[in-house]
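Feature list (source: Swiss-Prot):
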{"type": "DOMAIN", "residues": "8-287", "note": "domain 'CN hydrolase'"}
{"type": "ACT_SITE", "residues": "GLU48", "note": "active site, proton acceptor"}
{"type": "ACT_SITE", "residues": "LYS130", "note": "active site"}
{"type": "ACT_SITE", "residues": "CYS165", "note": "active site, nucleophile"}
Amino acid sequence: MVPVLKKYKAAAVNAEPGWFDLQESVRRTIHWIDEAGKAGCKLIAFPELWIPGYPYWAWKVNYQESLPLLKKYRENSLPSDSDEMRRIREAAKANKIWVSLGYSELDLASLYTTQIMISPAGDVINHRRKIKATHVERLVFGDGTGDTTESVMDTEIGRIGHLNCWENMNPFLKAYAASLGEQVHIAAWPLYPGKETLKYPDPYTNVAEANADLVTPAYAIETGSFTLAPWQTITAEGIKLNTPPGKELEDPNIYNGNGRIFGPDGQNLVPHPDKDFQGLLFVDIDLDEIHLTKSLADFGGHYMRPDLIRLLVDTNRKDLVVHEDRVNGGVAYTRTIDRVGLSAPLDASATEAQSESV
């Protein structure tokens, strides 16, 4: 698809989520969508696990301390086929805006680190899950499967992609995105401590500065794409909500001020936000600015040697239980996006919801 709109305004969220509170999380999501719409944006990008906030407490507590927090976190995670999701999709439609949303997806009895792309019509055109939860995140989240791997999609505002956290550092996922001609990327980040918290032998890659100012611009350079990096922030009240009784309360400022937006050549395009900034970072995107960057190094095209190096990608769903297709033979698969109820157009979803309420 040739982009219909090559020049437009986009926004990256740099704000605090509604910790452990699904309804407050949805309220804040709609608020920022509305704000981006009022500002004339065609795209808004939310951080990783924006709903109901990143479980950063998992890095701070032992097993027993984690249990009350984990229970509350699960109770406030977002089912994809829900009234809350419909309200978010309706907000996207009302503002005629593309929305990249990161959330803790409750699917049956498991949680997944999920991103969706909502179109200006309120339809979900991409549903993906983080392919591998990072370190202690594996105590909370499962892994994505083949058909939740796709990250890049053709839209009227260009080939847009999104990945979660350290997926933006994964060379294989970057190579796959480059092969699809990605033009605008959303590097969605969670809540991250600053370098002042670093203690040997914890690697420098595990602090905010490394990911905001090294990993993210590297993604922009290697893929030749505009790269928006939305980040979560936290206040003193948020620290209290994420800290078990008896634990010392941290200074929230060590976690804040990390939102970034980079051009396709890796240049920083917006001032770094202040530690107390809660809001949107804006950028004017011009897809034609990508031409010269990719003319020098297009790793998905002229600057690669597929006769020497190739990447095998399996986008087939892997099910615990499969059913025989007795009509056509073989095995019948249901796409994840269909099974979780996100593939139906918004208008159809609304009609179905009204029928159920009668």
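Every residue, even glycine, has its Cβ placed from backbone N, Cα and C.
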Cα separation, the residue listed as 'active site, proton acceptor' to LYS130 (active site) (Å, whole number): 10
Those residues of the chain, 6+ apart, with a Cβ under 8 Å from that of GLU48 (active site, proton acceptor): TYR54, GLY102, THR113, GLN115, LYS130, ASN164, CYS165, ALA188, TRP189, PRO190, GLN232
Packing count at CYS165 (active site, nucleophile) (other Cβ atoms within 10 Å of its Cβ): 24
Confidence summary (mean pLDDT) of the domain 'CN hydrolase' (8-287): 97
Neighbour count (Cβ, 10 Å) for LYS130 (active site): 26
The residue listed as 'active site, proton acceptor' in three-state DSSP notation: coil
DSSP state at CYS165 (active site, nucleophile), helix/strand/coil: helix
